[in-house]
């Protein structure tokens, strides 16, 4: 068992709503990722970006979503944005796991990172749409549209990187606290961490062929969250069963 045996059944059951919320949120975000960025890049199909404007844009990003319909990209953005309250609520389970005096060290960066993430995710919609507009607009309008696209990309990069770094810090601290015995998980369960699952998923994508590689890779962060919450759920349910049999 990954959970220390001194936890009572009531305490364990109190974590279940937040764990279920995390699982549902992860599923919504995985679907959102696949809808909005789950494409196989084909820069060669779009010489306007891969040749004409290659020095002005990030070619892979500019061409990534060109084949996606507006409806698909929109749903990809909305699925994630509307489910983010569940992710934020799921952070509550972390505060229940950690010894009280260390709670804020993890909860604050997770809360901030999850709060920033909707703008970062939805930003891909606007980036995809403006590059589609450039592709289908007269060249006379391209300069102004490219400048606008640069702003969209800059905001996306700032918020996306900030969100990942802040959340990564929170999970790193969480892993350290688990290893040092400052949670009600056993120290040996330090591997129960989205960072560990993320590394495993990224290594797996190296072995996968396209387009499977692109579908799995585009949602790697949220797949890691899904595996974390499902594994934690299994551990908690086993501990509840063991506690009820005493």
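Numbering starts at 1 and runs along the chain as it is shown here.
Here the Cβ of each residue, glycine as well, is placed from N, Cα and C on the backbone.
According to TrEMBL, the features are:
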type	residues	note
TRANSMEM	20-40	transmembrane segment
TRANSMEM	73-94	transmembrane segment
TRANSMEM	106-127	transmembrane segment
TRANSMEM	158-178	transmembrane segment
TRANSMEM	190-212	transmembrane segment
TRANSMEM	224-240	transmembrane segment
- Item | In contact by Cβ distance (the transmembrane segment (158-178), the transmembrane segment (20-40); 3 or more pairs under 8 Å) | no
- Item | Per Cβ pairs under 8 Å, the stretch of 73-94, 158-178, 190-212, 224-240 packing most closely against the transmembrane segment (106-127) | 158-178
